[in-house]
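Pulled from Swiss-Prot, these are the features on record:
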type: BINDING; residues: Trp18, Ala52, Phe53, Glu54, Leu76, Val77, Val78, Ser109; note: 5-amino-6-(D-ribitylamino)uracil binding site
type: ACT_SITE; residues: Arg84; note: active site, proton donor
type: BINDING; residues: His123; note: (2S)-2-hydroxy-3-oxobutyl phosphate binding site
Amino acid sequence: MVMSEIQGQRIAFIQATWHRNIVDRARDGFTDAIVELGYPKDTVDFFEVPGAFEIPLHARRLAKTGRYQAIVAAGLVVDGGIYRHDFVATAVIDGLMRVQLDTDVPVFSVVLTPHHFHEHAEHVDYFSTHFVKKGAEAARAVDATVKSLKALPTS
């Protein structure tokens, strides 16, 4: 992609602040990778929400502005011992899929739901590293999908 194809295109990155120390790492991985792919750093607008459950509504509102060519969502949904996490994770992923299908703006998920997570150093370190990787993967997926969609016939 040449720089003239990138100019003026925006990407929204929505991040839950629950477990911020870990979820911030997805933002870091995404930002580093998107810049490596040739996008100017200021192409990405960052938005924060309290938790993952709030992400789909924000994604929908941002998609409807027409300003964004892609939206990325990042969050960590953990099992707090009351089986709620499965319902939250499903609602978030289903909501994100609906946003992209309803608005025609691609939405990428770095909302992760580990089988086991505890607030101890080993898990925090593991998931922090994993979120960097997933953020970078999301950047590459954004780039590939945006290019692919632009190549499709419009009528």
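Note that the numbers count up from 1, one per residue, in the order the chain is shown.
Glycine is no exception: its Cβ is also placed from the backbone N, Cα and C atoms.
Secondary structure at Ser109 (5-amino-6-(D-ribitylamino)uracil binding site), as computed by DSSP, is strand.
By neighbour count, meaning other C-beta atoms within 10 Å, the densest spot among the binding-site residues Ala52, Val77 is Ala52. With a 10 A radius on its CB, Leu76 (5-amino-6-(D-ribitylamino)uracil binding site) counts 24 other CB atoms from all the protein chains. DSSP assigns Leu76 (5-amino-6-(D-ribitylamino)uracil binding site) to a strand segment in the three-state reduction.
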